[in-house]
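Notes for the one structure printed next.
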Amino acid sequence: MNSPYRGRFAPSPTGPLHFGSLVAAVGSYLDARTQGGEWLVRMEDVDTPRNVPGAADDILRTLDAFGFEWDGPVLYQSKRFEAYAEALDRLKQAGLLYGCACSRKEIADSATHAAIDGGLAYPGTCRGGLPAGRQARAWRLRVDAGETAFIDRLQGRVAQHLEHDVGDFVLRRADGLFAYQLAVVVDDAWQGINAVVRGADLLASTPRQIWLQRCLGYLELTYAHLPVAANPAGEKLSKQTRAQALSVDRAAAELVRALRFLGQGVPEALARGAAADVWAWAGEHWTFDAVPRQSLILLPA
């Protein structure tokens, strides 16, 4: 990486931070700080109906209470709609974007196979033009049949054939909202992010983001996808799986737990002290090579 390291943590304000969020924050923070880099915070609140009132402020208070120090102002995607619209216009002018009239039921009826992320691969129904009498509901980005690949610092080589594995994907939804894939790519470029460290639940999205970066002429980033924390049933910790909110009264203990999850040999005694002491230890001893290479780790019951 020729430019100075510039990373970020980008939670969605759909609820309080939980242990899975903390793992991603700790991993991205220490990877940046131990390389003399910057670490930014972005609120990925582009999907406005899912936002919980007060959650963004609660997330920032929790990060602060745990001792995270971010660089610059927090960026809110909900204030960036003009930038996303401009990116869409560029793609339209380049002939890379097209209107899609398909409903979910129509896609389900015509799709021939599942997408790599568990949905359905779009069969390209509207790629050659809208059916007579139909209007665009969403806007899709054209992909091709070639391979889109990258080397993840943890997960190794990752490759997808987007046309088969995903199909042309949505950048503006039928409800008028901008899709996550568009917002994250535009914001990473605008903020000068060049290193992404995040959970492996987003690994399957990365080839789409790389494709979009290329379509917009953006620089490509380096990626490291950390193992995801899962409950004993194998479900990723989330609001939907009733993950417990972090307690600021247990900051040191939770930081030690996150570091151990990430393969670091942090002394257990630090869990009974101050968060600042945990950070001091981590700043001296963080070892990226010790981070587990698997994509998911079950937490004990």
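Any Cβ shown, glycine's included, is placed from N, Cα and C.
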Range among 11-21, 198-208 that Swiss-Prot annotates as motif ''HIGH' region': 11-21
Other CB atoms, at most 10 A from the CB of CYS102 (Zn(2+) binding site): 24
Residues in the motif ''HIGH' region' (11-21) grouped by DSSP into helix, strand and remaining coil: 3 helix, 1 strand, 7 coil
Residues ARG8, PHE9, ALA10, PRO11, SER12, GLU44, TYR180, ARG198 binding L-glutamate per the record - widest CA separation, whole Å: 16
Surrounding residues of the motif ''KMSKS' region' (236-240) on its own chain - C-beta under 8 Å, 6+ positions past either end: 14-15, 18-20, 199, 201, 228-230, 296, 299
